[in-house]
Structure formats: C-alpha cells, structure tokens
C-alpha cells in the first residue's frame, strides 16, 4: 500500500488562467455565475510560470500543475500549456509536470505529452448520480471520458473528488468505485470550503467526517497516492497529523487556485514535525 512509506509527495499548483469560467459548478469560485471576489486574469507569462516552478522546486515540490479555468482544452489553450510545459522542461528542474485544463480529446492530450506534460488531472468530483445537483453545464460522463482519454494518450492520470457538497456516503462510495476503475496514479482529495457567494450551504465537514472520507478512499484505492488538497487547513487547522495517519501521502504545497494556503516552508516544517519527509522522486 502507498501509505507504508514515510515519504510525502509535494505538489504545487500554478493557476495560469483564473476566473470567468462559463461552467456553473456550485462549489467553484472561478465560475462566472456567482460573482465571487477573486483575482481574474488570462494567461500568466511563461517566464513567470517558470519562475514559480523554480521557487516551489526549491521548497521540495516534485509535481507542478498548470491549471486553467474554463470548460475544455481548446486549441489556443492547448498551445499555451504546451509552451509553458516545454519551458519548464528546458529549465531542467526535475519536476513532474501536470496539466489540469478541463475536458480534452486524445489528440490534444498527446500533443501536451510531446511537449513535456507528464500527467493530466481531471477530477470526477462526486458520484454520477449526485453530479447534476452541483453542475448543469456539463456532465459527469464527460469527465469520465476525459479521464479515459488521458489513459489512451498514455499520460499519467490524476483524478479525485471533493467532499462536503451535500453528497451522501453512498455517493462517496460510488465516486471511489469509479476511481477504482480508472486506477489513477494520484487521487486529489478536497474538502469543500464554504463561501457566501456560492449557492451551496455554508457548512464545513467536521474533522472526524473528513478523516472517515480519507480512510474510505484509502480502503478503495490502496495503491493510489492520496493527495490532500483544498480544504485541509479549513477543516483541520494546525492539527493535520491524523490525515497522514489515515493514509494521505501527498500534499498540495502552498496556495490553491483562489484560496491561500500555508507558506511552503511552513508546510514542509509541519510534515517533518510529524515524522515524515518530502519524497525525492515521483515513484
């Protein structure tokens, strides 16, 4: 099982294009439907992206994820991400480059691979049955198909979900069963962060329920890296050790897409204080 090692994989997120997404995902501050107070911008400069990659690598990050708002990996976006990935590879930082750019076809994903992208992240988010309650502008089936396309393109797959949207335990189990089918090398696990501008209830999972979600994920995905992402600070505060004891072996380092995280050095110090060390390779 993945949790046997005391190594924690550190991954950082680079929000290269933020906000004004046409999709209506009720949990997402980047949706243009809800008027959330976030930074909105199009396409960071390639130089800035490479500099962020260098900085996070110095803190121990092995993964670097290029994230864009929007429904899909259309041609202009694909070209931009390919250029960014190629520039990072040329910098010879030893990073595992991940792209997270919405729905994508096989040819576009293959193009990213030829330009330096190692893996693609596309989360199922929740069960097929519950998904229409949180998004109406695209389907769960589209998400699953993009994950299948990622595997067909011979890219590594990251796929996970978000807990605390109002889903049942049955929904959580169905999500994990479908992730079992896909067998991603990494599954990002998020906890919903309540936001008064979003249409979901203003409630946060209790630490106990969140831990039960992690334990369940480890049971269904024994050989998958479980990466804790958004919501860990909101739910667990400064007592995050139980997450690692429950089977988490990957952490998103630093800030999230539109939410501040801890300073990277503080995350690293916290992990080391629990008796874990930053992984030094991706395997």
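Glycine too: its Cβ is placed from the backbone N, Cα and C atoms.
If you look up Swiss-Prot, you'll see 3-232 marked as domain 'Radical SAM core'.
DSSP assigns residue 25 ([4Fe-4S] cluster binding site) to coil in the three-state reduction, placing it in neither a helix nor a strand. The Cβ of residue 25 ([4Fe-4S] cluster binding site) has 21 neighbouring Cβ atoms from other residues within 10 Å, across all protein chains displayed. As annotated by Swiss-Prot, [4Fe-4S] cluster binding site applies to 21, 25, 28.
Feature annotation from Swiss-Prot assigns [2Fe-2S] cluster binding site to 65, 100, 225; the stated evidence is sequence analysis. Of all the Cβ atoms in the protein chains shown, 25 others lie within 10 Å of the Cβ of residue 65 ([2Fe-2S] cluster binding site).
The [2Fe-2S] cluster site, placed at the center of the C-beta atoms of 65, 100, 225, has further neighbours from the same chain whose C-beta lies within 8 angstroms: 11, 13, 63, 98, 119, 121, 158, 186, 188, 227. Using a 10 Å Cα-Cα cut-off around residue 25 ([4Fe-4S] cluster binding site), the binding-site residues 65, 100, 225 reduce to an empty set. According to DSSP, residue 100 ([2Fe-2S] cluster binding site) sits within a strand segment. Non-local neighbourhood of residue 100 ([2Fe-2S] cluster binding site): 65, 66, 67, 68, 120, 121, 122, 158, each in the same chain, at least six residues away, with C-beta under 8 Å from its C-beta. On the backbone, the CA of residue 21 ([4Fe-4S] cluster binding site) and the CA of residue 225 ([2Fe-2S] cluster binding site) stand 29 Å apart.
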